[in-house]
């Protein structure tokens, strides 16, 4: 008996490997805690929030550090300017404090 297509005319398909190579499973659970935090964030926020993006970045960094993912620059993984966004949000929260200080210093300057 013969198995397969009639006449052996199966088309030859070539598979290309993924662009970044394989993505091995985390058998030892080295990055599971970060992955669970990320999945919970996505479940709760239901959007691509900055907080969830930072967890995704942390997860990929964990995989790189443990050898489960090839080392690469975060910019190549789609994390463009995230550090700036974080520092901008921090500086904008500090702006309220700075504005009160700058207005008091303006008053001192105006009084002199």
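Glycine is no exception: its Cβ is also placed from the backbone N, Cα and C atoms.
Because the structure is a prediction, the values reported are computed rather than measured.
Residues annotated as region 'Disordered' in Swiss-Prot: 1-24 (among others).
Feature annotation from Swiss-Prot assigns transit peptide to 1-16.
As annotated by Swiss-Prot, domain 'CHCH' applies to 28-70.
Residues or ranges marked as motif 'Cx9C motif 1' in Swiss-Prot: 31-41.
Sequence-distant contacts of residue 62 (disulfide bond), defined as residues of its own chain at least six apart whose C-beta falls under 8 angstroms from its C-beta, comprise 30, 31, 34. If you look up Swiss-Prot, you'll see 31-62 (among others) marked as disulfide bond, on the strength of sequence analysis.
Marked as disulfide bond by Swiss-Prot: 41-52 (among others). Residue 52 (disulfide bond) falls within a helical segment according to DSSP.
What Swiss-Prot records for 73-112 (among others) is region 'Disordered'.
Residues annotated as compositional bias 'Basic and acidic residues' in Swiss-Prot: 73-83.
Taken from Swiss-Prot, the feature compositional bias 'Low complexity' applies to 84-112.
Neighbour count (other Cβ atoms within 10 Å of the Cβ, all protein chains): 20 for residue 52 (disulfide bond). Highest Cβ count within 10 Å among the disulfide-bonded residues 31, 41: 31.
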